[in-house]
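Positions annotated as compositional bias 'Polar residues' by Swiss-Prot: 1-10, 27-39. Taken from Swiss-Prot, the feature region 'Disordered' covers 1-111. According to Swiss-Prot, the feature phosphoserine maps to Ser8, Ser28, Ser31, Ser72. For Lys15, Lys24, the entry in Swiss-Prot reads ubiquitin cross-link. Residues or ranges marked as motif 'D-box' in Swiss-Prot: 23-34. Summarising the annotation, Swiss-Prot assigns N6-acetyllysine to Lys24 and lists similarity to another entry as the type of evidence. Sequence annotations record features per position, and here Swiss-Prot assigns motif 'PIP-box' to 62-72. Under the heading compositional bias 'Basic and acidic residues', Swiss-Prot lists 74-84. Among the features that Swiss-Prot reports, motif 'Initiation motif' is placed at 85-97.
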Amino acid sequence: MVRTKANSVPGSYRKVVASRAPRKVLGSSTSAANSTPLSSRKAENKYAGGNPVCVRPTPKWQKGIGEFFSLSPKDSEKENRIPEEAGSSGLGKAKRKACPLPPDHTDDEKE
């Protein structure tokens, strides 16, 4: 909190509210005419993604983005298979035995 002159007066309390800095007005005819060449120049030099600090090559195993959008007929069959075939690779079908936990003797040692 910021101290103000009002804080020094006993019995009075005043809170100072921070405000934002004024923003530039976009839309005036003179600034729009002047900024058009600058904005087109910025668009050419604008950073478009990746890591500008340490550029690394794409690994061979990584799929391209286009492969996710264009599925082959073979892949689309896998997507639309019957619900009984889909699932957790058969783990749910096998019955699992309940394994009780061994008794915890840490409480006995503390006493």
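Any Cβ shown, glycine's included, is placed from N, Cα and C.
Within 10 Å of the C-beta of Lys24 (ubiquitin cross-link) we count 7 further C-beta atoms, all protein chains included. When secondary structure is read from DSSP and collapsed to three states, Lys24 (ubiquitin cross-link) falls in the coil class. Secondary structure by DSSP for the motif 'PIP-box' (62-72): 4 helix, 0 strand, 7 coil.
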